[in-house]
Structure formats: C-alpha cells, structure tokens
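TrEMBL annotations:
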- 1-25: signal peptide (SIGNAL)
- 51-138: domain 'Purple acid phosphatase N-terminal' (DOMAIN)
- 151-318: domain 'Calcineurin-like phosphoesterase' (DOMAIN)
- 333-397: domain 'Purple acid phosphatase C-terminal' (DOMAIN)
Amino acid sequence: MENFQFMLLVLLVIFIFCDQIIVHSQVSFEYVRPPPRSIIATPDDHPESHPQQVHVSLVGRDHMRVSWVTDDKDVSPKVEYGKIPGKYEVSVTGEHTSYRYFFYKSGKIHHVKIGPLESDVTYYYRCGGVGKEFSFRTPPLSFPIEFAVADYDVLLLPGDLSYADTQQPLWDTFGRFVEPYASRRPWMVTQGNHEVEAFPVIHTHPFVAYNSRWLMPFEESGSNSNLYYSFDVTGVHVIMLGSYADFDAGSAQYKWLVADLARVNREKTPWLVVLLHAPWYNTNTAHQGEGESMRKAMEHLLYNARVDLVFAGHVHSYERFTRVFDNEPNSCGPVHVTIGDGGNREGLAMMFKKPTPPISLFHEASFGHGRLRVLNQTHAHWSWHRNDDYDSTVGDEIWLESLSSIQQCKETLQDREQPKSSNFEL
Ligand SMILES: [Fe+2]
C-alpha cells in the first residue's frame, strides 16, 4: 500500500456514489431548467466496411474490449494497436455477433479483447483494418484514477442507455453519439428498464440488443450473465448489479454476489462500490418503491461487506442519502446516491415527498453528472454538477472515508448486531 501516497481517485459518473462523511453540503435552491431539446439524431454516413459505434470496456486487470459495428458483414473482427499513432505492433482477432428484432436486423457487432496492456498508457487502434484511427488511455495501476465524462479514466453508467425502447435504429444512433467519448475511455455499464425490450409471446427474450452491443466482463468475474458482473480498477472493486435479473436468495445473481463479495480483498481494493438501476432509497415520487424488493433481498449483503457507495439511476433527478442500513442512519452502511439525471426525453422527476426524511440529505431535479475523486485508500471526494450551468460548478459535495479504514466498522464485519445510529455524521 506504500504506492497509495498522494493518490487521487476521481470517479466521475453520469450517475454515481461515496463513504464516511466528513463534510457535506445541505444547500439546495430552486433551479429553472430550460425547455428540453429535440431528440438527437446521428446520421449513418460511414462506408459500410468502416467501424461505427466504437466503445471500449475493461476486461480484467490489463485487458480491454473494443466493440464496434459495421454494416458490411465481411469485415473481420480484428483490432490492430500500438503505442505510436499509425504503427500497429499487435493484431488480435475476436468474435462477432448480430441479432434480429422483429423487422430490424443489426449490423455486424464486433467484440475484440486486446492485451496485456500497460497501465496509464495511450494506445492507438484501428478496427477491422479500415477507417480512422482511435485512441484510448488505460487506467493507472495505482491511485489516482478518475471516472468522468470529460477528463477521466473510467465511466460508470447505471442505465438507462439508449432509450431505444424497441426502436432498434436508435441503438445505432446512441452508439454513434457516444463514440467520441466511449472509444477513448472504458465505459462500464449496467442495464436499466429501457433496455429490456421484451414482449410476451412475440419476443420473449429480454436484453437482446443490450447484451449483443454492450458486452461487459461478466465471465471474467465468475458471473453467468452480462446483467451482473464486477471488476477491479486502481484500488476500487466495482460491482454492477442487475435490477431486472432475479435477485432473491437462491437466485443466480444472489449466489454470485455472495461469492464475489467473499473474494474482495480490501487490502488490494480498499474501496467497494455498487451500481444498480432502480434505487433502494428514493424520496422522489417517481418510481417510488420500485427498488424495495431488491433492497430487502440484498441490502444485508452489501452492509455486511461494508460497501462504501451505492449508485443508482432510473429516477431523473439527483439525491444523496446519509450512510444508511434498513432505512436507519448507520455509520457502517453505504452512502446511497441516485444520479439518474444524465438526460432523457422524458424530462425531470420534479416531485419529492414532503417532509423530507432525515436520511435524505440533498436532492435537486436537474440534469447533471457526478465525479468521485478517491485520493487514496482512505479518503475520497464526491461532487455533483449541473449540466446546464454555463461554468462548471459544484451543486453538491461531500468528503468520504472508506469503511475499510474505520476500525469500528472493520471490527463488526460479518454477522453481528447491526449498530444503530451511533456516531454517524449527518
Ligand atoms: Fe430507468
């Protein structure tokens, strides 16, 4: 852990999380949002053999997956890459897939796992042997790391993604829209309800487009489903849960989560972060109670593991809670953050329950994004930023301390009486 000196980890997420609260803002003010823009369209003007919708994701400690789509079915799923622009020292051939959805037939979807890669290095790459050159930077080996939308290392996205809602060409529009960002840094995602796209009898398989296009490292984390998985990056263990996969005790997801949490080594990954779609804590009137069944089934697992932060999406607003377990403030529970305010055509979720429960510390109905800076193995800074502010301003912020470094919480790990509201900071 000596490498952790002066370490800075910044997690910037379109939707995000944190730990022991040292400082926080309780200031909220009325914000008048401009009227929504029309739906963004991205034209398909690529030559048929050229790559489009390029995005990269983390696979294990030192590999990345490059994913893209071509209209031409004869293009090879091949990635050439190297550390100098235009000089590709390595060529790797991967796999490909496609899918049908009623009358829509997808392009050829390529997935190529490349590596081993060096940490904190910019690689230049080309997809399918044609088209323009892309580049990405690998995350650092040790802190600092940054998850962000602008200058960042890894993006965390707890759904929804495209809002295609069965209109499959919108998946392609979304892929082209995010390519300038998703091809440069790994995007790690989990699914939302808008990705289900299933109908009784006529199209019973859910998540066909999502699973085909956004292949995440589930096999590498011992999961049997692309809908839930985990990964380590720079001292952080990130768990992506599936709000729309079975989660009750006895389910495959539940058993996998138990096994995954048992494998976490807080010496190697002192920070433990969970993302899911439907929030377990929510005082907005929108989607009220939708995460409650999953909370009742799984919350004790996260609490016993001393999860630092839980990020959720789904509710088109921002809300941050105190450390909580079973609806009570708890100094060894995770901080829950709803950051479902990345933007969508449905508009914002404006209405919050009144009076505000004391576990809810801040809420605001504005589109925005979050940034988590993990400075070292013990401390991190979480901030939330409105997207519509002309200048980058902080709408909400707190300092956190990892539960792995708090003696009181370390000593009570695993199957003990739940400490009730002692010594917590609101
Ligand atoms: Fe949603």
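Glycine too: its Cβ is placed from the backbone N, Cα and C atoms.
Summarising model confidence by region, the domain 'Purple acid phosphatase N-terminal' (51-138) averages a pLDDT of 97.
DSSP places the residues of the domain 'Purple acid phosphatase N-terminal' (51-138) in helix, strand and coil in these numbers: 0 helix, 51 strand, 37 coil.
Secondary structure counts, DSSP: the domain 'Purple acid phosphatase C-terminal' (333-397) has 0 helix, 28 strand, 37 coil.
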